[in-house]
2 protein chains.
Amino acid sequence: MKGNLLVVHGGGPTAVINSSLYGVITEAKQNDKIDKIYGAIGGTEAILKENFLDLGKTNDEKLKRLLHTPGTAIGSSRFALEQEDYQEMVKIFKKNNIKYVLFNGGNGSMDTCGKAEKACEGEDIYVVGIPKTIDNDLSIIDHAPGFGSAAKYIAATTAEIGADVKSLPIHVCVIEAMGRNAGWITAASALARKNEKDAPHLIYLPERPFDEEEFLEDVKKLYDELGGVVVVVSEGLKNKDGESIVPPIFKTERAIYYGDVSSHLSNLIIKRLGIKARSEKPGLSGRASIALQSNVDREEAILVGKEAVKAAVAGHTGVMVGINRIPGQKYKIETSLIPIEEVMMHERVLPKEYINERGNDVTKEFIDWCRPLIGEDLLDFLSFKDEM
Amino acid sequence: MKGNLLVVHGGGPTAVINSSLYGVITEAKQNDKIDKIYGAIGGTEAILKENFLDLGKTNDEKLKRLLHTPGTAIGSSRFALEQEDYQEMVKIFKKNNIKYVLFNGGNGSMDTCGKAEKACEGEDIYVVGIPKTIDNDLSIIDHAPGFGSAAKYIAATTAEIGADVKSLPIHVCVIEAMGRNAGWITAASALARKNEKDAPHLIYLPERPFDEEEFLEDVKKLYDELGGVVVVVSEGLKNKDGESIVPPIFKTERAIYYGDVSSHLSNLIIKRLGIKARSEKPGLSGRASIALQSNVDREEAILVGKEAVKAAVAGHTGVMVGINRIPGQKYKIETSLIPIEEVMMHERVLPKEYINERGNDVTKEFIDWCRPLIGEDLLDFLSFKDEM
């Protein structure tokens, strides 16, 4: 008997989450075990509200727009479900003849996915996870869709700002990258370099305690040498006591708000070193930029979407589609199915071997690992200035 | 007798300043009155140091890279010349058989250009200006090369952040745009809109005194309605007394440093309204992004470079190449030569008819004027969420 499929997006968007949705819809459309293709419009919250939209009738021209649409075309939420919500969810699935449920998201969504699968035990319902996170902090897999584009964005942006600063070397630029606990995106800025002395000149990761004095020393030395310096920092830098290096600006019962790390550090450079400094915080652009989407990332995002449909229809449940890198010279991946409890709520940070000794740069090992993920090579810039 | 040509870049780069350089070199290469094509490597300062590089031998493949190189390939400076420097400059021109001198820049560079022309009076030397500024604050001309790309950047970025925020409407985003005194770039964010209620929801320009209470009122109202709000603000917002809305963070004898307007306003929203807010400050990316270069802007930049060479060789001096819009349905421009004293140091700001009454948006007149400059249409995003 045919069943309906439901796809749900959780947490923050990426530049390719809609590419996974494209993969889901196109695969499901041609699968004769699937009847209706529902999107939960507005994340997990939408399941409980039965905010379902039939996506199956979308024409191809419209579907292709998903490949270059940022945000998430079906919406998302950060809604945390309670135990009774999961029981309610099962009833809603059955009522709507939903047999296949796909959760697309990061750590939080995989947690939801695992709990939903538990709640569906004994039912003819199959729950599969699709990995997604710009932060690349999902464990077990080689990397998550969304990260490659965020990596390409920060690398291209750092290269462009680097060219600007090199041509008019009058200041230090502090660029803030997303990733509060895991430094994967910040680290990827290193891919901007084509030649020696290219930006980024310094990289500070949240995995290492930030030392203000060492930072100022490093900046001063490079400024004296180059005149223009580009520093990339994680939004989540912490001191040796594990506290944010930016003092909190406001506290509510539910959250603490911190100021921007890039502003904080550029102000510090001005005040302590008397050197002109500016902050650049591309922020959400880093996950929403379509012009700097990685083609490899996009293709992999489509693939995991398709694989999730196939897995659910084949009767797998409680698994997430994983991406494994096949060892060898040429970059190649394969997908696998990973038991959801192995990935639930484990945050993967940058390993030690990817960070240099002084904690102000990444290693060649990291660059070799990361380069294939951004897809096509970055542009080659021309500098007559370098020829003098 | 053949003479040499010297091209000089002044002030901050744009995404297409190197496209003008491409125009200059390719035009000069095929002009038989021109012998060597020199680039001053490092702005006006480089003239006095005779830091000249022969660009004429650059092959075509390499030259084409100029079209997608951010920054300036021959460097730039913010060096202010003294009166005696201009006398020295004339000697250097004559010594190097430099007969044609092209200054590419904004208001400051056109001032230099005018003074250099005065100093060259009576000599067989021809001084021509090439317009360039992301800020679009050069007077007389319809618009300056560099602005179209900066406009496309802020429009595309605002549209992308808008899609992100619409799909996960949990906060107010304050995007900071470049342009301290003139609001042209900030205003161009309005081109992001395709449908009603699309971002940007509010636009604040430096031409209008900023009223904190009105701002908070506007934000609160939209947040209550939409959940996710995107605000674009100029980096140079001032209060009714003409003072920066951000308190100075540091003063030296030469300069006052202010904090970031976007950080300041997002903090204000958090503290005063208790609403989650974030700041986005793409900063230098706004003038360095090649992926979001406007094709119209690039072509016009090449054109003014070529026209400047032609004008100098034809014996014009003390003029800047202007861009005039030809009235009519279809966007069309023509170039002209404008006496440099008419453009020197006149800063053009957004006229009243381009700003709405409340001072929190632009008018349709502005959008109609601006749209052709960003070139190809922005991407069309798909939102199933809108269909619910």
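FYI, residue positions are counted from 1 along the chain as it appears here.
In case you wondered, yes, glycine gets a Cβ from its N, Cα and C as well.
Where the annotation comes from TrEMBL, it is an automatic prediction and has not been curated.
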Candidates B:Glu61, B:Glu82, B:Glu235, B:Glu243, the one TrEMBL lists with B:Thr133, B:Ile134, B:Asp135, B:Met178, B:Gly179, B:Arg180 as binding substrate: B:Glu235
Nonlocal neighbours by CB distance (under 8 Å) for B:Asp135 (active site, proton acceptor), same chain, sequence gap 6 or more: B:Gly106, B:Phe147, B:Ala150, B:Met178, B:Gly179, B:Arg180, B:Asn181, B:Ala182, B:Trp184, B:Ile185
Recorded positions listed as B:Gly12, B:Lys132, least Cβ neighbours within 10 Å: B:Gly12
Pairwise Cα distance for B:Lys132 (site 'Important for catalytic activity')/B:Gly12 (diphosphate binding site) [Å, integer]: 9
B:Gly12 (diphosphate binding site): secondary structure state under DSSP, collapsed to three categories: coil
PLDDT averaged over every residue in the domain 'Phosphofructokinase' (B:5-311): 96
Secondary structure of B:Asp135 (active site, proton acceptor) (DSSP, helix/strand/coil): coil
Recorded positions, contacting chain A; criterion Cβ under 8 Å; candidates B:Gly12, B:Lys132, B:Asp135: B:Gly12
